[in-house]
């Protein structure tokens, strides 16, 4: 694609949310308890920092996704609401202990850690992330841990250092189809993400590898199908597919609102490729991650799915 070419066709931005994107906000006592538990530890969560539309749902279930290595990112992706910085603070050596204390208070059995990209650090922050995970293993030995990691700028040694911690799920999102990647993701490449996923799958063949994409960014149906095939071909086992929702006017506009029927179709396409697909308008990488983990684990032992309603 040349500099003069537009990465997406020019289309009018949808004026209103369709009915399937309207939901009740389940606020209440449990939500308030989760909010207080997290904020009392001074911990950032991707739920808040990325303005996730599912925050009230997840916090009302006593679940949250912790954001490691700070609350500001060294990349400025066009879809993401996390703050950008060129000079982030050093990693907090007590972060693992703070997360462990919070996870204990919430009674978490499946802990999800995501991270900001730390291109300022030699290993992309892998060592700091490993320290957090090792602390969690010590403090909550029966809990399973899922990590949504950056691409570490393609640093395979950093990836292996992370995988040696025996996490339950390694998650790295391709985010969108290959054609739109330069427009959607800052400093990341589609092929490098596939390379990291494939390397993880080969390094630990029994590891649950996971990735996710957003739709509604201007992608074509054929491109989504190709992305699912690419992920399957590179060793991914679990894929989440959700509707892109614009956090603010300074972010990439929504090109289309994808119907629930289309999500069902994408799920059937992915399942035909052997993938475990969790798809729906509000699905995000870590949305209902505990249930997805249990459903995947049971699928691997040939039992029925326990997934909650995807909407």
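Each residue, glycine too, has its Cβ placed from N, Cα and C.
Model, not experiment: these values are computed from the prediction.
Copied over from Swiss-Prot:
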- 47, 52, 58, 286: [4Fe-4S] cluster 1 binding site (BINDING)
- 59-276: domain 'Radical SAM core' (DOMAIN)
- 73, 77, 80: [4Fe-4S] cluster 2 binding site (BINDING)
Pairwise CA distance, residue 77 ([4Fe-4S] cluster 2 binding site) versus residue 286 ([4Fe-4S] cluster 1 binding site), rounded so that it is a whole Å: 18
Chain-mates of 73, 77, 80 with C-beta within 8 Å of site centroid, [4Fe-4S] cluster 2: 75, 76, 79, 81, 82, 84, 116, 117, 186
Fewest other Cβ within 10 angstroms of its own Cβ, chosen from the binding-site residues 73, 77, 80: 77
Secondary structure at residue 73 ([4Fe-4S] cluster 2 binding site), reduced by DSSP to three states: strand
In three-state DSSP terms, the structure that residue 286 ([4Fe-4S] cluster 1 binding site) belongs to: coil
Secondary structure of residue 80 ([4Fe-4S] cluster 2 binding site) (DSSP, helix/strand/coil): coil
Between residue 80 ([4Fe-4S] cluster 2 binding site) and residue 286 ([4Fe-4S] cluster 1 binding site), the C-alpha gap once rounded to whole angstrom: 15
Length of the line joining the Cα atoms of residue 286 ([4Fe-4S] cluster 1 binding site) and residue 73 ([4Fe-4S] cluster 2 binding site), in Å: 19
CB contacts for residue 286 ([4Fe-4S] cluster 1 binding site) [other CB atoms within 10 A, all chains]: 27
